[in-house]
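K.L.:
Feature table excerpt (TrEMBL):
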type	residues	note
COMPBIAS	1-15	compositional bias 'Polar residues'
REGION	1-22	region 'Disordered'
TRANSMEM	83-102	transmembrane segment
TRANSMEM	114-136	transmembrane segment
TRANSMEM	163-184	transmembrane segment
TRANSMEM	196-219	transmembrane segment
TRANSMEM	225-247	transmembrane segment
Amino acid sequence: MLPTTSVSSRSQGNGVLSPRDAARHTAGAKRYKYLRRLFHFRQMDFEFALWQMLYLFTSPQRVYRNFHYRKQTKDQWARDDPAFLVLLSIWLCVSTVGFGFVLDMGFFETIKLLLWVVFIDCVGVGLLIATLMWFISNKYLVKQQNRDYDVEWGYAFDVHLNAFYPLLVILHFIQLFFINYVIISDSVVGYFVGNTLWLIAIGYYIYVTFLGYSALPFLKNTAVLLYPFALLIMLYLISLACGWNFTKMLCSFYKYRVK
């Protein structure tokens, strides 16, 4: 069920938060509350997080609709429950172990791969992309008449996690069933299947990212976030014409990194 508590009860008569409530809504206070809940699993709503993961594939607009409800009820766009992050981390670990198994890696090589994927591919790249999108959206996409509003960095990171999850499932789970028997073979079918999965995965990432920022009513011209689709399709067609196999390149890179 969606929360229905009104924020008006936390405000003073003139519509301004009291000093005590304002302190609770600072970025530091929100961050502390979020990190504290990481160690209290009973306070996490895993059922709702699973619901979000399902709808990120079938209807991602519904996921961002809930972010609107959170803003109305808790006065923040970013998640205050780390359940989604915890489930994503578990899924990341399981899928990476499966990737190591498919590539015939040993135990320690798989551990190295897991550390690389978690701290570089997910966290490191995620922090970089979230910070870049946070800067761009606040610098260029905020409406002039609404300069009092800004994009929360936590929300930018949430958008990255939302977009990263479908990409992870497609490239680190669905693709596993085709790697050894189809994709890494030196054939047209191999790089066609592999590159098409990359096209779908990155396309999902771009689209879910666009939905995340277009859901914020104080941003303008968010359609520019769809422009990378043109470059993506162009790169896809060039890869097919040149016989590039992105999955084979990724497997070779992973094997090189764990040596």
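Using N, Cα and C of the backbone, Cβ positions are placed for all residues, glycine too.
Fair warning: this is a prediction, and the values are worked out from it, not measured in the lab.
Explain the structural surroundings of these features, please.
P.N.:
Long-range neighbours of the transmembrane segment (83-102) within the same chain, counting only residues 6 or more positions beyond its ends whose Cβ lies under 8 Å from a Cβ of the stretch, are 38, 41, 44-46, 48-50, 52-53, 109-110, 113-114, 117-118, 122, 158, 161, 164-165, 168-169, 172-173, 176, 179-180, 254.
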K.L.:
The transmembrane segment (225-247): which same-chain residues, six or more beyond its ends, come within Cβ distance under 8 Å?
P.N.:
175, 179, 183-184, 188, 190-192, 194-199, 202-203, 206-207, 209-210, 213-214
